[in-house]
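Asker: I'd like to ask you about the structure that follows.
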C-alpha cells in the first residue's frame, strides 16, 4: 500500500511564532526543520494518497546510485561489512520526500552495486529518540558483535547518544535491532556543552590503555569540537577532559569521522586493531555545507589529534568533495582490506520538485579512500565493484585536441556512462601564472574563467549531458597554472548551463591540486554520469566533484551527447580514452519489506 506523501509549505518564522503562508484544510502535521543543505523550514503534513508522480520521478532517478525506492534520505549511517554482507544504514523518512520523521533505513548487498532494501533498523519509539533517530556509527566489538551508537532527540529536541544491538546475530541480514534499556548512554550534561548541538558519534577505536574511544560532534564553550569519550564496555562512557580536537573559527562540526591511513598505501586500517608505525590519521568534519578534513597524528600520550598543518582560515581546509556532498561516513572493509567512504548528495532543485518526484537525496558511489604518498591529502576512487555494471566499451587512442576542438564520444549511453580519459600536455611552458588568493574561493575562479575562456594550458576536459544545440550542457575540465617551482591544476564542474530551468542551483564547482608536471605530463579524469548525478575524479582522485543536474534532455532517450574538448592555447594529446554504458543496478527495488 502506498505511503501517504507529505506536503512542504514554506513558513514564516517570527520570534517563537510560526505563520503558514497557505494551509489547506486537510493539512495537519508537525514543524520540520531545515534539511542541512540550507533550505528553509517547512510544515510536514499529510497529502492525499495515491497521487501520481510527475515524469521527473523517473527522468531524474539514477540507475546505479544508492537511493531508496521513494521518499527522503540523507546521511549514510553506520556502514559495515559483517559475515559476508555489506550493510548501509541511512537517514530516512518513511512518510514522504521531505526532511522529517527520521528513522534508520537499512539495505544489504554482496557487491556494493546491487542493494536489497529491508525494514528500517531503528524507528522513533522511545523517549530518547522520539524526535528522530539521527546519524551514528557501527563498531564491531570483540567476538564479532556489531553495535550501533546513534544520536536520538527527545521531545524538547535535546540530543543524546543511544545504543542498539542485533536481536539475532545468526540472521545474515541483521534485520532486527534492540535498543539498550539504559538509553541514552551519553548526555551533554557537563558545563559548556550545548544540548542541541551534540550528535553523530564516530566508530569506536581502542586506545593503548585498552579502553574504547569515540568522538561526538558538538560545541564546547562556543568552540566547534570533536568531543572525546572513553569506555570499558562500550555501554558506559566517560567524557575525557579535553576534546579530540577543537577549533574556534568554525560552526558546529557534524558527522565527524576519524580513521588511520598509511602514506602511499591504499590498504585500509582497522581502528580496533594495532595501528602500524608511520601511520597518519584523518579527522573529517561536516561544516559549512561541505565535508572538510585534516591530516595529522594521533598523539597517544595526549589522547588528542594533532594536525600536521594548523590552518586557521577554514576556507583553506582540504575537502573530501568539492561539490554537492555532505555527511560522509567511512568504514573499514575487511573483505578487501580497504577503507570505503560515501556521502549524501542532496537535491538542488526545489522542495516542490521533490514532492513531485516522490523522492529526494542519494548516496555517492562508494569510494576507496587512502593517503597520498606525500602524506598531504586523501585520494579517492570508485570501488572496483562498480565496474561490473560496465558494458559496450569503446576506445580511442592517439587523439590530438587543438584549440577549439570538440571530439564526440559516440556509441555509449550518454545518460548512464563511465568515461576515463587521460590528457597529456605537449608543453608546460605556456601555463598561466597562479594567484594564491584563488585558493580561498576556487568556485568563484571557475565561474569567472569558464570553459569558453582560453588560457595558456586549458580549459580541456569533457562536455556531458549536452543537447543537440548545446543549449544544455555540463562541463568538467582542467586549467593548469604555474606557481613558483610547482604547478597547480584547477578542476571545475560548471553547471551554469546544465539546464534551461531557471529554478535550480547551478554553480560552478571547483578545487585545486598540486601536480608534478615535470615528472608526469598526463592528467587523468574519470566521470560517472548517472542521469541527475555526476561524479568526477581528477588527477587520480586528488579532486572529486559531485554534481546534481536536471537537464530537459533527459526526457528524450538518445538525445544527449558527450564530448572531449580543448579551448586552451596549448595542444593536448589524448593517448587513451575509454567509455562504457552503465547498466542499471538493482537498488532498493520496492517489493515490500519481505523482499528477502
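Cβ from N, Cα, C; glycine included.
Swiss-Prot feature annotations, pasted as is:
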- 75: active site (ACT_SITE)
- 446-492: disulfide bond (DISULFID)
- 168: N-linked glycosylation site (CARBOHYD)
- 236: N-linked glycosylation site (CARBOHYD)
- 248: N-linked glycosylation site (CARBOHYD)
- 1-20: signal peptide (SIGNAL)
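Describe the structural context of these features.
Answerer: Secondary structure at residue 75 (active site), as computed by DSSP, is strand.
In the three-state DSSP classification, residue 492 (disulfide bond) falls within a strand.
Counted within 10 Å of its Cβ, the other Cβ atoms near residue 168 (N-linked glycosylation site) come to 12, all protein chains included.
Around residue 236 (N-linked glycosylation site), a 10 Å sphere centred on its CB holds 11 further CB atoms from the protein chains shown.
Annotation for residue 248 (N-linked glycosylation site): same-chain Cβ neighbours under 8 Å, separated by at least 6 residues, are 222, 223, 224.
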Asker: Inside 10 Å of the Cβ of residue 75 (active site), count up the other Cβ atoms and send me the figure.
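Answerer: Neighbour count, Cβ to Cβ under the 10 Å cut-off: 26.
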Asker: Whole-number Å only: compute the distance from the Cα of residue 492 (disulfide bond) to the Cα of residue 236 (N-linked glycosylation site).
Answerer: 47
Asker: Can you tell me which of the recorded positions 75, 168, 236 is spatially closest to residue 446 (disulfide bond)? Compare CA atoms only.
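Answerer: Checked the recorded positions 75, 168, 236; minimum Cα distance to residue 446 (disulfide bond) goes to 75.
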Asker: Under a three-state reduction of DSSP output, how is residue 446 (disulfide bond) classified: helix, strand, or coil?
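Answerer: SS state of residue 446 (disulfide bond) = helix.
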Asker: Residue 236 (N-linked glycosylation site) to residue 168 (N-linked glycosylation site): how many Å between their Cα atoms?
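Answerer: With the alpha carbons as reference points, the distance is 23 Å.
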Asker: Let me know how many other Cβ atoms fall within 10 Å of the Cβ of residue 492 (disulfide bond).
Answerer: 30
Asker: Look up residue 168 (N-linked glycosylation site) in the DSSP assignment and reduce it to helix, strand or coil.
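Answerer: In three-state terms, residue 168 (N-linked glycosylation site) counts as coil.
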